[in-house]
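Written below as structure tokens is the structure these notes are about.
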Amino acid sequence: MSDPGVDTPAPSGGGQLPRRKGFGAETVFRTGTLAAGTLVLVIIVAITAFLINEAVPALRADTANFITETEWFPNQTPPVFGIAAIAWGTLVTSVIALVVAVPIALGIALYLSHYAHRRVATTFGFLIDLLAAVPSVVFGLWGFTVFIRPVRTFSIWLNDYFSWLPFFGGDGPFGRSFLLGGLVLAIMVLPIITSLSREVFLQTPVPDQEAALSLGATRWEMIRTSVLPYGRAGVIASIMLGLGRALGETIALALTLGFINEITFNIIENGGNSIAANIANGFGEAGEIGRGALIASGLVLFAITLVVNMAARVIIYRRREFTESAA
Amino acid sequence: MAKRVEATGVTAYYGSFKAIDDINLNVEPKSVTALIGPSGCGKSTFLRTINRMHEVLPGARVEGRLTVDDEDIYAKDVDVTAVRRMIGMVFQRPNPFPTMSIFDNVVAGLRLNGVRRKSVLQEAAEKALVSANLWDEVKDRLGKPGAGLSGGQQQRLCIARTIAVEPQVVLMDEPCSALDPISTLAIEDLMFKLKDSYTIIIVTHNMQQAARVSDRTAFFTIDRTGDPGRLVEYDTTQKMFSSPSEKKTEDYITGRFG
């Protein structure tokens, strides 16, 4: 018997079931999403090709070793420039940012997920997320007009008592330093690490937490035996994402670093430069070689961030496998 | 190693919702007591008041008096972690710590108590696993993850973890509801063995299970949805299943509950 609502063309199967539609919303949707996905790939490839194309002539003209040279004078003749000092600055400021931000962020995240009253946690969590929405130029301006004062005082104090450590030596002036840049970055990555870690901690299965509590664990012991092991991979991934942000930050560092290209462990003396800040400050007055040189440095930064992001993905992916097998 | 549990006028709330009202119940040491009743009747809530796990939920609180060998466990200056060490709990779904090995799971409670000596931990782990009828199955793979065991083995691992700290009372919240019949039988056998040393209180939906394993049975019910759960009848299991005094109990046990 045939369904009155469906056209039944010449039966190819048993002829009883409705035929598949040739063209419809499904096809449109599939094509649309495929196009969107492909577009992203095309854009990435196009950008990369353009950047490499711009960078290669500048790298050819470079009379120094691009990897090991610390100076950055691409506009003089002959051009002398290298990535070493600015890449160093990028790494140092990011490391300072993470060393400061990670313990604070994890403390806040645990407080919000396991200690604070629900209403407090919601309000506080909202404020943290708001911090992530502050434009980086605001952080930069605040850093070099306001925050620099306490940091300078602190730097002088560190220099007075700990100048025997390589990080805190030198004769000044202090202030526009790796320390200032790193601390501003720390404030900027804090909300990322906090809110992602909080999410992970909140997802800890209740039975896991009750297992610990029913054995007579205190709140902290419960966190140690069930929440932290469960959240470890997620926390690492959130740190990686924070690191990605710190590595790529431009304007805040352009405003807070002292612009001296050198590879130094001293983090309190005026000085320091980073890849992104160097691009922001140098692009306007750059000649043709200068532009290519900056683009080359941007490619290096791109590679560093790519590696960090890929590492984060790998960790997140491993975590997913782990939680699936445990369920 | 087994103590008497006495509940006097125990009333528990979730926020403003009264979940159980005025429960009076004495549990004898070295016996198995089953709590039965329809879903939502408050038997699990009552169970969780006995080791003060009820108050873990935000807004949850308990009124009335609960004593373990005449010691008021809700007294103001009592350390709640000490109460939970004395009164162990096995949950509905097996919940071994997923990141820990079998060995680390069993000794987790001891480690929380500050035991560090490897020899002490090994001895205690073997003893607990033997008591939980799991030793022969896992003795060659103590370093493997606890989450890799079968459901029934995981539940016995959780029982081993609970008894490794040598509690006075063991609470079990529907410990077999996620298990197949063979694993259920293994756990029931285990309960017979454990009642020589422990006071056991078990919540179950399975009437045959209550009849098989328990010495005494308490029947809880609610009159209407939204009403607090209350204790209808509490007697020896034999009496409860052959000639209960209350009509409601008889209806429930014979399946005419409605």
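All residue numbers here begin at 1 and follow the chain in the order shown.
Here the Cβ of each residue, glycine as well, is placed from N, Cα and C on the backbone.
According to TrEMBL, the protein carries these features:
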type: DOMAIN; residues: A:87-312; note: domain 'ABC transmembrane type-1'
type: TRANSMEM; residues: A:28-52; note: transmembrane segment
type: TRANSMEM; residues: A:80-112; note: transmembrane segment
type: TRANSMEM; residues: A:124-148; note: transmembrane segment
type: TRANSMEM; residues: A:174-193; note: transmembrane segment
type: TRANSMEM; residues: A:227-247; note: transmembrane segment
type: TRANSMEM; residues: A:293-312; note: transmembrane segment
Worksheet item: Mind checking which residues reach the transmembrane segment (A:293-312)? Cβ under 8 Å, same chain, six or more beyond either end.
Response: 51-52, 54-55, 58-59, 62, 66, 72, 74, 79, 81, 83, 86-87, 90, 236-237, 240-241, 243-244, 247-248, 275-276, 278-279, 282-283, 286
Discussion item. Considering only Cβ pairs within less than 8 angstroms, which of the stretches A:28-52, A:80-112, A:124-148 has the most against the transmembrane segment (A:227-247)?
Written reply: A:80-112
Response to the item:
Most Cβ pairs under 8 Å to the transmembrane segment (A:124-148), of A:28-52, A:80-112, A:174-193, goes to A:174-193
Worksheet entry | Long-range neighbours of the transmembrane segment (A:80-112), counting only residues six or more past its ends (CB under 8 A) | 62-74, 121, 124-125, 128, 178-179, 181-183, 185-190, 193-195, 197-198, 201, 223, 227, 235, 239, 242-243, 246-247, 253, 257, 261-263, 267, 272-278, 293, 296-297, 300-301, 304
